[in-house]
Amino acid sequence: MMNRVMHYFKSLLLLELLAGLWLTLKYTFRPKYTVLYPMEKFPQSPRFRGLHALRRYPNGEERCIACKLCEAVCPALAITIDSAKREDGTRRTTRYDIDLFKCIFCGFCEESCPVDSIVETHILEYHFEKRGENIVTKPQLLAIGDRFEAEIAERRAADAAFR
């Protein structure tokens, strides 16, 4: 019975409303933590996982040996690989596609690669103008890897102690 009486007086005096207004007023005059994104940017973690890239060896040969471990381990089924044997008997990829709409950027592909071929770069800002552009092909992945190889190698070397 006492609970009902207390609830009646709380609702009559609008105590819940006043408590909410007090909370709003209290936070109104505190410093803001909003970052105006395009002009200001937060520092990225060294382990940030962004856009994918395929790497090459220093002699120019692509690293991917078409083992398809990254395709098998991908929980979102975002990676599609086709391979063929070359004249020298080694396997190489003929098709390596990543659907960025499906990808959850978990990093399993990067961890499973035995030759460090597929990596996730620090690239955060990219866009698509048409629906089909969300599928990144092998030539595009190799071009990204070639363009950012120095930064990729530097980040991998800094993170090597933690792998």
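The count begins at 1 with the first shown residue.
A Cβ is built for glycine as well, from the same backbone N, Cα and C atoms used for every other residue.
Cβ-based neighbour count (10 Å, all protein chains) for CYS113 ([4Fe-4S] cluster 1 binding site) stands at 20. Taken from Swiss-Prot, the feature [4Fe-4S] cluster 1 binding site covers CYS64, CYS67, CYS70, CYS113.
Taken from Swiss-Prot, the feature [4Fe-4S] cluster 2 binding site covers CYS74, CYS103, CYS106, CYS109. In the three-state DSSP classification, CYS103 ([4Fe-4S] cluster 2 binding site) falls within coil.
The feature domain '4Fe-4S ferredoxin-type 1' is assigned by Swiss-Prot to 54-84. Per DSSP, the secondary structure of the domain '4Fe-4S ferredoxin-type 1' (54-84) breaks down as 5 helix, 9 strand, 17 coil.
Per Swiss-Prot, domain '4Fe-4S ferredoxin-type 2' is recorded for 94-123. Outside the domain '4Fe-4S ferredoxin-type 2' (94-123) by six or more residues, the chain places 44, 48-55, 62-65, 67, 69-70, 72-84, 134-138, 141, 144-145, 148, 151-152, 155-156 with a CB less than 8 A from a CB of the stretch.
For the pair CYS67 ([4Fe-4S] cluster 1 binding site) and CYS109 ([4Fe-4S] cluster 2 binding site), the C-alpha distance works out to 12 angstrom.
Taking the centre of the Cβ atoms of CYS74, CYS103, CYS106, CYS109 as the [4Fe-4S] cluster 2 site, the nearby residues of that chain (Cβ within 8 Å, site residues left out) are CYS70, VAL73, PRO75, ALA76, ALA78, ILE79, ILE98, ILE104, PHE105, GLY107, PHE108. For CYS106 ([4Fe-4S] cluster 2 binding site), applying a Cβ distance below 8 Å and a minimum sequence separation of six or more within one chain yields ARG49, PRO75, ALA76.
In this structure, CYS113 ([4Fe-4S] cluster 1 binding site) belongs to neither helix nor strand by DSSP; it is coil. When the Cα atoms are compared, CYS70 ([4Fe-4S] cluster 1 binding site) and CYS103 ([4Fe-4S] cluster 2 binding site) turn out to be 12 Å apart.
Residue pair CYS64 ([4Fe-4S] cluster 1 binding site) / CYS109 ([4Fe-4S] cluster 2 binding site) shows a Cα separation of 12 Å.
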